[in-house]
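Lifted from TrEMBL, the feature list:
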{"type": "DOMAIN", "residues": "41-288", "note": "domain 'G-protein coupled receptors family 1 profile'"}
{"type": "TRANSMEM", "residues": "25-47", "note": "transmembrane segment"}
{"type": "TRANSMEM", "residues": "59-78", "note": "transmembrane segment"}
{"type": "TRANSMEM", "residues": "98-120", "note": "transmembrane segment"}
{"type": "TRANSMEM", "residues": "140-158", "note": "transmembrane segment"}
{"type": "TRANSMEM", "residues": "203-226", "note": "transmembrane segment"}
{"type": "TRANSMEM", "residues": "238-259", "note": "transmembrane segment"}
{"type": "TRANSMEM", "residues": "271-290", "note": "transmembrane segment"}
Amino acid sequence: MQSGNQTSVLHFILVGLYHPPQLRVLLFLTFLVIYLLTVSGNGLIILTVLVDVRLHRPMYWFLCHLSFLDMTISSAIVPKMLAGFLLDSRAISFGGCVIQLFSFHFLGCTECFLYTLMAYDRFLAICKPLHYATIMTQSVCNYLAFGTWLGGTIHSLFQTSFIFRLPFCGPNRVDYFFCDIPAMLRLACADTTINELVTFVDIGFLALTCFMLILTSYGYIVAAILRIQSADGRRNAFSTCAAHLTVVIVYYVPCTFIYLQPGSQEPLDGVVAVFYTVITPLLNPIIYTLRNKEMKAALRRLGGLKEVQPH
């Protein structure tokens, strides 16, 4: 890899998702609706948790962070994609590309840490209920949340600076719908072997470690749930765990597919990336509201509706 940056490219062209021209309007409307639902759904979760004092607990505090991350990740990627569909505006400045790559990996890595933290929170709540309140105090929650953001910042600064030390002298067509590591490596005018290795080790280790910690937490949680005597209690606990694991799997599996083969040029890479950039941010508000009785009750209170008491 050459040292220093000898870049002559001033802007890049985002090729976007491959699609028949006649589907352009349909795809624009589809992604627009998904984006609006993502922003409004996650915004509603944040508003509900902030307004309803009954939700001022660690689980919902972390859920607020997750909702904010989902809104910002989607906002970093989807508006530019929509402009490509509607206006055929695919150009992005060199600086804009740097910002987009940094923002995506900063927010994505923070979310990766946050999923792990939320699994640990559920582990403590279910497996250590008598000690939960003394362990997960407000100050501890603040420090843990700050740690996820700090970890995301450090990771993204490292990856972004390492990528853009490479020279980019043309071509400038990014064969992707946003500036991301695999697509940018293919445009570099230098040997990218070291970068591909670092990406594989860094992101692979981070994702695998977080995923194993999540599975470990839920392994203990499942064992604790199976000891619950009440069938309703077991059903409710399993429902919450299944919802969280569904989101985690939809987020981690596509990421693993993309970043553990950074030199890949698979045509399906863009479609796979849609899952963790567009679909997962939409799934979170759906899963955490429709499958959560407390959130549904809080939404009814926020809307001024009376709760229906079970007989």
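Note that Cβ sites are derived from N, Cα and C of the backbone, with glycine treated the same way.
Same-chain neighbours of the transmembrane segment (203-226): 109, 112-113, 115-116, 119-120, 122-123, 126-127, 155, 159, 234, 237-238, 241, 244-245, 248, 252, 255-256, 259-260, counting only residues six or more beyond its ends whose CB sits under 8 Å from a CB of the stretch. For the transmembrane segment (140-158), the residues of the chain that approach it from at least six positions outside its boundaries are 58, 61-62, 65, 102-103, 105-114, 117, 202, 206, judged by C-beta separation under 8 angstroms.
For the domain 'G-protein coupled receptors family 1 profile' (41-288), the mean pLDDT of the prediction comes to 86.
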